[in-house]
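Trainee: Copying in the features that TrEMBL gives for the protein in this structure:
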TRANSMEM  B:43-64  transmembrane segment
TRANSMEM  B:90-110  transmembrane segment
TRANSMEM  B:122-143  transmembrane segment
TRANSMEM  B:176-200  transmembrane segment
TRANSMEM  B:220-245  transmembrane segment
TRANSMEM  B:265-292  transmembrane segment
TRANSMEM  B:304-324  transmembrane segment
TRANSMEM  B:336-353  transmembrane segment
Amino acid sequence: MISWFYIPPAQRPLFSVFVSALFVLALCCFCSLLFGAGGLSLQASFQTLLGNGSADTQFTVFHLRANRTLIGLFVGLTLGIAGALMQAVARNPLAEPGLLGVSAGSSLAVAITLVLGASTATLTVGVAQFGALLGCLCVLGVARMQGQQNDPIRLVLAGAALSSLLLAVTSLLLLFDQRAADEIRFWVTGSVAGRDTNTLFSVLPSMLIAIICILYTAKPLASLALGERVAIGLGHKPQRVRAVVIVAVALLVGGATAIAGPVAFIGLVVPFAARALVGPDIRRTLWLCLPLGPIIVISADVVSRLVAQPAEMPLGVLTAIIGAPVLLLIVRSRRMPTL
Amino acid sequence: MINQSLSLPNNEEITTAPNGHRLLSLGRHMTILIEKQAIIRNVWLLILLAIACVATLGIGTMPISPKEVIAVLFGHGNAMSQFIVQDLRLPRLLAALFTGAAFSLAGCLMQTMARNRLATPGIIGIDNAAMAFAVSSVVGMGISLAPSVMALAGAATATALAFGLAGGSGTRGYRFIVAGIGIGAIAGAVTQLLLSQVSIDVANSAYPWTVGSLSARDPMMVSILGIGLVICLVACLLFASQFALMPFSDQVIMGLGANIKYIRIVALILCITLTGLAVAVAGPVGLIALIGPEIARVLARYRGIPLISSALAGALVMILADLFGRTVLSPIELPVGIVTAVIGGPYLIWILVRRTSRTSL
């Protein structure tokens, strides 16, 4: 296992890295069931896991914590994959749904529905995905603006400008509606606690579409990494690939945002870690993003329960604290990797 | 209106001014190059600003005619309108005037320094950090300082952190910007964290700090901002000839004999001071820093760095936005930060989607 570190990332055996990541993920899920901010002691929750707990502890472990873990799994999965796709399509290691205003677009859409008085789960998911799509289209406009210099940071600046705009419009809406403001105050922080697992089922159909899109685009994206002309020469249609990827990203980010609220920086950290482990090829990176996203979200969630006992810290705060240094790390690396 | 000044040692005298410029000799040691266009432009902006000021003082729940307003300003008029104009509307007008000018000037400097028209103090996280600090003082995290002082401290902290983390100014100061974006994200998250931990009443009282508003501002901070603005404006004019080099590439600037690090640090310090003081008065009204300089650049036809015009245009936009927010939904008052966001939004999208052939700025 130690010998991995001597192999260049791109040559590491994908299968064994993937399996060990799965092992770590299982460990994280176990911890997530075991630790909590409430009064339940570590021993009691362990006993409950073994099958001899009271009704109360069983409710806490198998209902509250298990749901939470499940949602963390889903959110990590979708945001990690969305980040990897977005970075591949923008050919920019800093492209991240949260930084580029995609999450902000989808939270604006959710705020609009909340103000209009809707609260059905299915509607929220669809609306969030639509908002994410609009955010993505704005990003496409930005990507065009990149122009001659092809400067990765222009994109991030434009994304920051866009999300600050969308957030301002969201707060304008909330100014007129006290009820929605109170409701959304907890939602905009991004958290996996106390969310409705039923929403997960309403997201599933759109996730299926997203998976089909990803399967269709993985190979063209890998050749797009070699440059637009090479991709055309290999028989791919870059414009169409981009459009399909944008739809997939919108579905994924919209789904995650509808369930957990905007969780920033996951889409930046996960592909970064995946690239460090198995190299820049998108087909390998995507495989590794599958376990890495949930690992990061669930472990961040566990930490967020433990640091501020007996209260909890919102997940979004913690991911921002993890993600911002990674952002710096990417920018500070001597040569910014062009994707 | 020394918009593009160029000070030269007296042994290199320029005898004829370039087309469209005039030379102004200040004593024997200094000659200032003045662009005629700039003077005309700024005089127009000043006239518009004066009209907007009179309108703002006059319009409200209790309308006062422009004539009466001017009379009151010169110390005449009846007691009622004197009270309304001088005690109620004038402080707010001054707050709008100063914050608009300060934000816009800071934006112009930052955009020049980063060679990017989207780089504003708000986007690189100074606003967010100031907001987080102010909110923490409102929701009472065991800190008894006034929110405005905390906002100033937040702005300074964010910039210091960004500067430290960026490790030197890096190529084109870009690391600094990205570090700022990261710090802004953390500060935003912390603000959300604070707001989600307290009751809805406390969250509401912190609300003006999260959107930017001009109602009932601290008069002390307004006067401090006014003094700071004047000092920074003078400093900007002294360094105007150096800032004018910034659009060129680093090699060219060095070739011309200027110290690029020094220029950047001066611009940065001016930027933080202006933003910090302005946020301490009005909260984050960041989009002014995007709109004001852009108007000035359009008026200047993208020549040079229109510092004074930026300040004037920013003040004008701020006053109009506040007037709009006060009057349009009359019993409800829209915070000025939201008005500028809604005005600036479509404009921002236009910048993003159009195909630009113009280079950096």
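Glycine is no exception: its Cβ is also placed from the backbone N, Cα and C atoms.
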Trainee: With an 8 Å cut-off on Cβ pairs and a sequence gap of 6 or more, do the transmembrane segment (B:122-143) and the transmembrane segment (B:265-292) reach 3 or more such pairs?
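Mentor: Taking Cβ pairs at least 6 residues apart, the transmembrane segment (B:265-292) and the transmembrane segment (B:122-143) are in contact, with 3 or more under 8 Å.
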Trainee: So, do the transmembrane segment (B:43-64) and the transmembrane segment (B:220-245) meet, by the test of 3 or more Cβ pairs under 8 Å (sequence gap 6 or more)?
Mentor: no
Trainee: When each of B:90-110, B:220-245, B:304-324 is checked against the transmembrane segment (B:265-292) for Cβ pairs under 8 Å, which one has the most?
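Mentor: When the Cβ pairs under 8 Å are tallied, B:90-110 comes out ahead.
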Trainee: Short question: which residues 6 or more past the ends of the transmembrane segment (B:304-324) have a Cβ under 8 Å from it?
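Mentor: Residues 1, 3-4, 35, 38, 41-42, 45-46, 48-49, 52-53, 55-56, 59, 92-93, 96-105, 107-109, 112, 214, 229, 233, 236-237, 240, 243-244, 246-247, 285, 288-289, 291-293, 295-297, 334, 336, 339-340, 343.
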Trainee: Give the nonlocal contacts of the transmembrane segment (B:90-110) in its own chain as ranges (CB under 8 Å, at least six residues past its ends).
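Mentor: That would be 49, 53, 56-57, 119-121, 124, 214-215, 217, 219, 222, 225-226, 228-229, 232-233, 236, 243, 267, 270-271, 274-275, 277-278, 281-282, 285-286, 288-293, 296, 305-307, 310-319, 322, 336.
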